[in-house]
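Novice: Annotations per Swiss-Prot:
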SIGNAL    1-15  signal peptide
DOMAIN    24-244  domain 'Peptidase S1'
DISULFID  Cys30-Cys160  disulfide bond
DISULFID  Cys48-Cys64  disulfide bond
ACT_SITE  His63  active site, charge relay system
BINDING   Glu75, Asn77, Val80, Glu85  Ca(2+) binding site
ACT_SITE  Asp107  active site, charge relay system
DISULFID  Cys139-Cys206  disulfide bond
MOD_RES   Tyr154  sulfotyrosine
DISULFID  Cys171-Cys185  disulfide bond
SITE      Asp194  site 'Required for specificity'
DISULFID  Cys196-Cys220  disulfide bond
ACT_SITE  Ser200  active site, charge relay system
Amino acid sequence: MNPLLILTFVAAALAAPFDDDDKIVGGYNCEENSVPYQVSLNSGYHFCGGSLINEQWVVSAGHCYKSRIQVRLGEHNIEVLEGNEQFINAAKIIRHPQYDRKTLNNDIMLIKLSSRAVINARVSTISLPTAPPATGTKCLISGWGNTASSGADYPDELQCLDAPVLSQAKCEASYPGKITSNMFCVGFLEGGKDSCQGDSGGPVVCNGQLQGVVSWGDGCAQKNKPGVYTKVYNYVKWIKNTIAANS
């Protein structure tokens with residue numbers, strides 16, 4: 001089980017057999033400024049995604065932890081200075097105390113910004129969930145990630161994918177013995193579209209609420225192997241308590 005260190009969104013060509021030479025592409029270029037809560041975590045290079053939940057706090061994945069992180073907000077094309085980005089260093093990086101790097105249970109992390117983000121057309125917050133994600137709900141997954149099944153082909157512009165929440169039973173059947181109550185699956189059991197090696201820590205937003213954090217998966221766009229995400233609803237109390245204790 002490998003964490004998705006660079007999330008992308010993939011769709012295998014259904015009319016052709018899958019092989020390592022196929023370039024799996026999927027999703028679409030997000031409309032600029034349409035995902036204003038999406039952030040890029042940078043340590044000299046983009047390595048993970050995250051979500052702005054208030055002016056000074058970001059949610060990401062526990063396995064994205066680094067001792068020094070610069071949070072980049074208002075990004076669309078990460079290779080171009082577009083003029084409205086905000087680059088803010090992390091003041092505190094707090095991984096969940098029960099994070100398990102082997103099972104990726106409790107794969108969630110909070111980042112406190114050293115200064116408050118300026119909310120504008122390019123940068124805004126996303127709400128925490130008020131209920132767990134319902135089966136069948138369509139969600140938006142976003143990030144900058146590898147669009148090649150073999151080798152590396154990283155998009156400069158933010159990518160988006162629309163995908164449904166799968167039932168917990170189907171999720172557990174896809175990964176026997178590996179799915180905890182803190183995880184859920186989003187995607188397509190028939191394969192063809194998936195998150196794949198890229199932008200862990202990035203958002204899964206359903207009905208305007210941050211329901212998931214990109215966590216892990218087995219391969220890309222494989223049949224019966226959907227993407228696995230941290231269930232943010234289970235951590236709302238921890239998030240609120242941690243923010244209050246570190247204000």
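Every residue, even glycine, has its Cβ placed from backbone N, Cα and C.
Neighbours and distances for these, please.
Specialist: Residue density at Cys30 (disulfide bond): 19 other Cβ atoms are found within 10 A of its Cβ, drawing on all protein chains shown.
Other Cβ atoms within 10 Å of the Cβ of Cys48 (disulfide bond), summed over all protein chains shown, number 30.
Counting every protein chain shown, the Cβ of His63 (active site, charge relay system) has 22 other Cβ atoms within 10 Å.
Val80 (Ca(2+) binding site) counts 11 other C-beta atoms within 10 Å of its own C-beta, drawing on all protein chains shown.
Counting Cβ atoms from all protein chains shown, Cys139 (disulfide bond) has 21 others lying within 10 Å of its own Cβ.
In the shown protein chains, 16 other C-beta atoms lie within 10 A of the C-beta of Tyr154 (sulfotyrosine).
Annotation note: Cys185 (disulfide bond) sits in a strand segment as assigned by DSSP.
Over all protein chains present, the Cβ of Ser200 (active site, charge relay system) has 30 other Cβ atoms lying within 10 Å. Following the DSSP three-state reduction, the secondary structure of Ser200 (active site, charge relay system) is coil.
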Novice: Filter the recorded positions Cys48, His63, Cys64, Glu75, Cys160, Cys185 down to those whose C-alpha lies within 10 angstroms of the C-alpha of Ser200 (active site, charge relay system); answer none if the list is empty.
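Specialist: So the list is Cys48, His63, Cys64.
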Novice: Could you tell me the C-alpha distance between Glu75 (Ca(2+) binding site) and His63 (active site, charge relay system) in angstrom, no decimals?
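Specialist: So the alpha carbons of Glu75 (Ca(2+) binding site) and His63 (active site, charge relay system) sit roughly 22 Å from each other.
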Novice: Taking the Cα atoms as reference points, how far is Cys139 (disulfide bond) from Tyr154 (sulfotyrosine) in Å?
Specialist: 23
